[in-house]
Each structure stands twice: as structure tokens, then as C-alpha cells.
Amino acid sequence: MGDAIRIIGIDPGLRRTGWGIVESLGNSLRFVASGTVRSEDKAALATRLCQLHDGLAEVLHAAMPHEAAVEQTFVNKDAVATLKLGQARGIAMLVPARAGLVVAEYAPNAVKKAVIGVGHGDKKQIHMMVKVLLPKATFDTEHAADALAIAICHAHHRQSAAYRMALAG
């Protein structure tokens, strides 16, 4: 059947970036770890981005995932906040890419559909289903729970023929 694939899901945020790691073997999923990388609210933007970078790099070095998945950001009315979130997302994509991992991206509604079966649902439903799908899962913040949902989404999507074709070519 092959070896288990270790997947890190990343929920980017400037204050808190959640991460969650699962192992996928066939149709089964196993919880590995989760957590949250925090940046100092009062620090300069560049310093905060460095804190996110260093924290995620430490997680990747320790956990040795094979693939990564990052949630796409939404655009809101506050352009400055959206730009800062985009910069944090850039760090969330850069760190695994620099480690040589393929980085997949998923829209929030795709994550919800993969985890709860519909593209629109609230955080409570998502977190409940994460616990159903990964009974041993623990998470310190909602960001870590969201990151586990992103990893679950990637585990489901990587089984598709279209995903395998994209990797091959």
C-alpha cells in the first residue's frame, strides 16, 4: 500500500499561524501534532514576519512533513489588514517551499467541504468534525484546529487523479 504521507496544514495569520500535522495512509488519517506560532503584537512588521518564519521553520525541521497545504486568504474591506495577512501567508508558503515541499493551496470553502461535507459552515462544526476524523487530536487554538482541517482537506484532494497528474507534469 506504500508509506504514510505526512502532511502539514497551515492556517496563516499575522498574530497567530496555526499548524497541524496528519499522516495519511490510503483512506486512513492519523493525528501527529498541532500548535500555533505567535508573533509579538507590538513588534515591527518585519520582526513579526521573522517570528512566523522561524517558528514554522522549527516545526518543519522537527516534524519532517512530506507535503504542505496552506489556506487561501479572503479579501476584506480593510485593505491594510488584508495586505498584512497576505504577507503572513507568503511566509506560510515560503517556509515549506524552501524545505523542498510541494505546497498546495485551498480556498476556505474547499476546506469546509472536505471536512464537514458542505462549503459553508461555522468554526464550531469544523472543529467538531476534526475531532471526529482525528479522535486523538489536540489543539491549543482555533487556528491549530483550522490547520488540521486544511491538512485533512489536502489528504482528501491528494487522492484525486487530477492532483496526481499536476504533480507529475
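A Cβ is built for glycine as well, from the same backbone N, Cα and C atoms used for every other residue.
As recorded in Swiss-Prot:
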ACT_SITE  D11  active site
ACT_SITE  E71  active site
ACT_SITE  H143  active site
BINDING   D11, H143  Mg(2+) 1 binding site
BINDING   E71  Mg(2+) 2 binding site
Check your understanding: If H, G and I count as helix, E and B as strand, and all else as coil, what does DSSP give for H143 (active site)?
Key -> helix
Revision key, fill the gap. Neighbouring CB atoms within 10 angstroms of the CB of H143 (active site), all protein chains considered, total 23
Check your understanding: E71 (active site) has how many other Cβ neighbours within 10 Å of its own Cβ?
Key -> 24
